[in-house]
Amino acid sequence: MEESYKDRTSLVKGAKDIAKEVKRQAVKKMNKAVDKAQDGYTQRSYNRFQDEEDDDDYYVQGGNYGIEANDDEGSSEATEGHDEDDEIYEGEYQGIPNMGQGKDGMVALGQSMHDEYKDRRELETERKADEEELAQQYELIIQECGHGRFQWALFFVLGMALMADGVEVFVVGFVLPSAETDMCIPNSGSGWLGSIVYLGMMVGAFFWGGLADKVGRRQSLLICMSVNGFFAFLSSFVQGYGFFLFCRLFSGFGIGGAVPIVFSYFSEVLAREKRGEHLSWLCMFWMIGGIYASAMAWAIIPHYGWSFSMGSAYQFHSWRVFVIVCALPCVSSVVALTFMPESPRFLLEVGKHDEAWMILKQIHDTNMRARGQPEKVFTVNRIKTPKQIDELIEIESDTGTWYRRCLVRIRTELYGIWLTFMRCFNYPVKDNTIKLTAVWFTLSFGYYGLSVWFPDVIKHLQSDEYASRVKHFRNEEVSHFVFNFTLENQIHSNGEYINDRFIMMKFKSVTFEDSLFKNCVFEDITSLNTYFRNCTFVNTTFYNTDLEQYKFVDSDFINCTFFHIRTGCQISFDDDYSAYWIYFVNFLGTLAVLPGNIVSALLMDRIGRLTMLGGSMVLSGISCFFLWFGTSESMMIGMLCLYNGLTISAWNSLDVITVELYPTDRRATGFGFLNALCKAAAVLGNLIFGSLVGITKAIPILLASTVLVCGGLVGLRLPDTRTQVLM
């Protein structure tokens, strides 16, 4: 018994000695690390220092320090008699384990101090290595989760947001003619409505894309779609043109974030072999948005009986009903997004491992239950998270008031967005950004330029035909006659109208020049594009008409009276089928992209993104030369459908390439910048091509074909991303 007690005493004493020696060595090594750091060690000396520590086989695991020892020597009996010194050692170097740091979660001694002395370039190098490892691991995890019910649910939710973007682009063109008439917009101000929406979308694409890389895809998409829905709904009720422009500006600002966020969001839950095809299917919702807007405009706007008024000041016409209906896809997407989770790839990128794991498990379980395999277990336990680099932000000490705190937060976020944007021009994505900029600009300039040019040419052909059928009446003398029928497309010159009555009639594109109206009565008159130039009115009465002062140009009134003049512009085109024609043309042009969408979705992963992008743009450029033969409305409509069908494949492949070429931490920012550039090119194309309508065909044809072919050739120089994981 006594011998056993002596053995146990010596064992305890030996354990104490080992513990004290370990503590002494640990302190010695920590002092050595501090001395080296203070002496300004270089990266090479730092690596040698780590190698020295690794040779000692001394690790921290799970926040506890230990040494390699025999299991018998490290038993609980050996530490049963530890003293206070040992107790200090046991918790002295406790730390929080950092997921993904080191191999199998093990970090070398002093790791928490090492990052303080590394420069930013070293930390970014380590982060880049972590991101590459995460990209490979994440691809395997998504493949394990499978493609099923979750992806299809997210597909339709994000599709509604993309559909709202398509509606926003078309709604301005459909509303513009009616809004101009309803709000008495002069020709000089009518172009502002189309430009202001694109301006809002341009700023919104850049802002919301950058914000999505800072706060998350889902949250940014929810906010931007809510902004769009609110201001779109509000614009249907405002009466003043200035306030209407303000609402449409912010509506465009909100919807500008839809495209960059939607494609970034959806690409991050797709496996490599599914990404190209399903992103192309997602593009179909933009086409569906255009078809929806065309069909609703066709069904609603010409039905002027749907309108109501409150006095002469407030008019709610059918085009306002159309604006409300067009806001429904946006509202639907906002409601559906509240039930969807954040992108797990984004959460991993910002270091939120547990939240990302829970969402990935949700994706796995949802898809497995839909397949009838609920017993299948999600086997992933730990996911690599990139090293988080803290941003040093200077905040003023005087931030007590709420508005100063808001200003500081806004300034900080904007500065962060700008820094992320500048990183899009850093190696290794700099060359890709420059090439993508050229492709996006040329495709947008050619597509939107000709898309505006086609309808304008068709309207110009219609106007020429309408003007060729105008009727001229000269030196007519009419007395004691009652006009109670419609006058349309007529010019009356040097006429005399004595004791005539114009009752319950409509003037449509009628002009009276150098005419005399004596003892006449105008009652219940509705007019459109009607003017009295250099006319004289003597003892004439106007009752309940819309003949306002601006319709009388250089005219004289002698002893005339006006009663109940209707102010504002009156919409009354009951027998005018031109509105139906415009909506029908846009409907056909949008529907023509359906075959191109189907072909691009089926072939995206088979022939590759670059072949489809370059081939589609070159073919679109060649198709422009067929415009030489567009001498009638039907031929121009055919050319429009052919052109739209060819360019849609280029758009789909460009969207896929863009999300695959940018890493996760700047994917939405880069996409947002390129989408903003797209809107700027669209405005420029509208201005240039619109100014050439009716002048010449040669310049638009040569300009569009040149930029499209050049853009396609640049696109062929982009790297092929078909076999790459999502970086």
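Every residue gets a Cβ built from N, Cα and C, even glycine.
Under the heading region 'Disordered', TrEMBL lists 30-83. Per TrEMBL, the feature coiled coil maps to 113-140. Among the features that TrEMBL reports, transmembrane segment is placed at 152-177, 189-208, 220-237, 243-267, 279-301, 321-340, 436-454, 580-603, 610-629, 635-659, 671-692, 698-718. Per TrEMBL, domain 'Major facilitator superfamily (MFS) profile' is recorded for 154-722.
Contacts between the transmembrane segment (671-692) and the transmembrane segment (436-454): present, as 3 or more C-beta pairs lie under 8 angstroms, all at sequence separation of six or more. By the Cβ criterion (distance under 8 Å, sequence gap of 6 or more), the transmembrane segment (220-237) is not counted as touching the transmembrane segment (635-659), fewer than 3 such pairs being found. Non-local neighbours of the transmembrane segment (698-718) in the same chain are 432, 435-436, 438-439, 441-443, 445-446, 449-450, 453, 610, 613-618, 620-622, 624-625, 627-628, 650, 654, 657, 661, 688-689, 692; each lies 6+ residues outside the stretch with a CB under 8 Å from one of its CB atoms. The domain 'Major facilitator superfamily (MFS) profile' (154-722) scores a mean pLDDT of 82 in the predicted structure. Most Cβ pairs under 8 A with the transmembrane segment (279-301) among the ranges 152-177, 243-267, 580-603, 610-629 are made by 152-177.
Residues of the same chain lying 6 or more positions beyond the ends of the transmembrane segment (580-603) and with a Cβ under 8 Å from any Cβ of it are 170, 173-174, 177, 277-278, 280-281, 283-284, 287, 290-291, 294-295, 297-298, 301-302, 451, 454-455, 458-459, 462, 612, 616, 637, 640-642, 644-649, 652-653.
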